[in-house]
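Enquirer: Quick one: the structure is below, questions incoming.
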Amino acid sequence: MSENNGFFLVLEGIDGAGKTSIAFKLRDFLVEKGFNVHYTYEPYNTLYVEALKKKYNEYRDAYLDALTYAADRLVHIRTEILPYLRRGYIVICDRYYYSSAAYQSAQGAPIEWVLEINKYALKPDLTIYLDVDPAIGVKRRKGLNTRFPEYEKLDFLYRVRENYLWLVDKGYMVLVDANREFDKVYRDVEKIVLEHLVF
């Protein structure tokens, strides 16, 4: 449990891991069980992110991206995540600052630095990392649009995965094998979440 009345759950993983599908199915299940549930995602306020990309694209690097997402995250926490938690909701967030740690570190920023600039962000009660081989994730998403095509190259995604595995090893999140069929992955996630929900 967090210092609030609710429960803050984060789902992490590369695109194609099944985060959003898992989040929606889990939300529906928890609502049926009588919980108040709110789904959200990051990046949150794309006006910040998109404006920076357009105006300062030639200056962009891992450090500028990480700081942009950190500012975006602060708005997200203050305007959406915390208000729902204070009302006793389970908040399911599709990506959080661990995405910045994994992706911006793969771009070249030290992973410890990315974690440092996010150290005062609200800590999740539980973070589940859906681990999928990038080749499988890319195959699952074939033909789908992406907001951030620069993050979809296979060699880059393997670096991202290594960063996620580092975060798992350091105890920041719980790993679920997402290479399997959807129902098996979902059942594991549901079981872990129910074990952590103590109201």
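Cβ coordinates come from backbone N, Cα and C, glycine included.
Taken from Swiss-Prot, the feature ATP binding site covers Gly13, Ile14, Asp15, Gly16, Ala17, Gly18, Lys19, Thr20.
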Enquirer: Can you count the other CB atoms that lie within 10 A of the CB of Lys19 (ATP binding site)?
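Expert: Summing over all protein chains shown, Lys19 (ATP binding site) has 26 other Cβ atoms within 10 Å.
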Enquirer: Which chain neighbours of the ATP site, leaving out Gly13, Ile14, Asp15, Gly16, Ala17, Gly18, Lys19, Thr20, have a Cβ atom within 8 Å of the mean position of the site's Cβ atoms?
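Expert: Output for this site, in sequence order: Leu130, Val132, Gly137, Ala178.
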Enquirer: What's the number of neighbouring CB atoms sitting within 10 A of the CB on Asp15 (ATP binding site)?
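Expert: Step by step: centre on the Cβ of Asp15 (ATP binding site), count other Cβ atoms within 10 Å, giving 22.
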Enquirer: I'd like the Cβ neighbour count for Gly16 (ATP binding site), meaning other Cβ atoms within 10 Å of its Cβ, all protein chains included.
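Expert: Around Gly16 (ATP binding site), other Cβ atoms within 10 Å: 23.
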Enquirer: Select one residue from Gly13, Gly18: among these binding-site residues, choose the one with the most other Cβ atoms within 10 Å of its Cβ.
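Expert: Result of the Cβ crowding comparison: Gly13.
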Enquirer: Please report the three-state DSSP label of Lys19 (ATP binding site).
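Expert: In the DSSP reduction, Lys19 (ATP binding site) maps to helix.
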Enquirer: Enter the number of other CB atoms within 10 angstroms of the CB of Ile14 (ATP binding site).
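Expert: Here the count is 28.
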Enquirer: Taking the binding-site residues one at a time (Ala17, Thr20), which has its Cβ surrounded by the most other Cβ atoms within 10 Å?
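Expert: Answer returned by the neighbour count: Ala17.
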